[in-house]
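**Q** Not my notes, these are from Swiss-Prot:
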- 33-53: transmembrane segment (TRANSMEM)
- 99-119: transmembrane segment (TRANSMEM)
- 163-183: transmembrane segment (TRANSMEM)
- 213-233: transmembrane segment (TRANSMEM)
- 234-254: transmembrane segment (TRANSMEM)
- 268-288: transmembrane segment (TRANSMEM)
Amino acid sequence: MEWSLSQNKLLAFHRLMRTDKPIGALLLLWPTLWALWVASPGVPPLWILAVFVAGVWLMRAAGCVVNDYADRKFDGHVKRTARRPLPSGDVTEKEARTLFIVLVLLSFLLVLTLNTMTILLSVAALALAWVYPFMKRYTHLPQVVLGAAFGWSIPMAFSAVSESLPLSCWLMFLANILWAVAYDTQYAMVDRDDDVKIGIKSTAILFGENDRLIIGILQVAVLALMGAVGWLNGLGWEYYWSLFVAAGLFGWQQKLIFNRERDNCFKAFMNNNYVGLVLFLGLAMSYL
């Protein structure tokens, strides 16, 4: 019986960290890989690559824990989130806090193997991960903070490889923020009605009937900024083809969200994994 209870607890931690739902980690991973490949260029040091890949999964898990901790009193009122480990009682608040600390410490131990500049930048990464979940109570733009949190691995990657933060770094960082606002607005469109009832703020609520138009403008801006990154770094035709494919994927997402149906909005959000993958493949092939 004790083993069974222990197994149930581990499964609850597994759900709390969303290790069963890798989409968030992948949306964090792709910009990290973009930055490592551009900063290297094309040949990131193996240890630095390993540190960042592991760090992505650890910090995404930590972000999920603190997000659910911040939303623990709201999630029980939303059908999609009512069975999450904290509102359901499968994980206690103390256990969630402990798990968050363990995940952050493991991430920091990895960062300590990198240079001083990257270690200092990691402090901002922790601050963004902690602050983001609470922003949806105070501002309709929490997705901007999410974009900064998901994109902070970009300056960290440039710092770890070259100890510099060139213009390409900041253009890519801005592109990632705009991309995150676009895809997380699609995600927020799924819960918009519930969020209005319980007082949670989001860009989906802020944009209202202009949501599809603004998402489209953001997507065009992402492509333009990533095109500028390619131009600054002399990337080849492979990369520009990947931008063309990404534009097609964005077009497909616009079709999915056209009627604002919950399931299709979620499919549009999930489709962004392919955008990140396609851009990475274009970058990688351009450096071959």
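Backbone N, Cα and C atoms are what each Cβ position is placed from, and that goes for glycine too.
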**Q** Are there residues at least six beyond either end of the transmembrane segment (99-119) with Cβ under 8 Å to its Cβ atoms? List them, or say none.
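**A** Those are 13, 16-17, 47-48, 51, 54-55, 58-59, 61-62, 65-66, 69, 91, 126, 156, 159-160, 163, in sequence order.
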**Q** Residue list, the transmembrane segment (234-254) vs rest of chain: Cβ under 8 Å, 6 or more residues beyond ends.
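**A** Tertiary neighbours of the transmembrane segment (234-254) are 186, 212, 215-216, 219, 223, 226-227, 268, 271-272, 274-275, 278-279, 281-283, 285-287.
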**Q** What same-chain residues lie close to the transmembrane segment (213-233): Cβ under 8 Å, and 6 or more beyond its ends?
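**A** Hits for the transmembrane segment (213-233): 38, 41, 167-168, 171-172, 174-175, 178-179, 181-182, 185-186, 203, 207, 239-240, 243, 246-247, 250, 253-254, 257, 279, 286.
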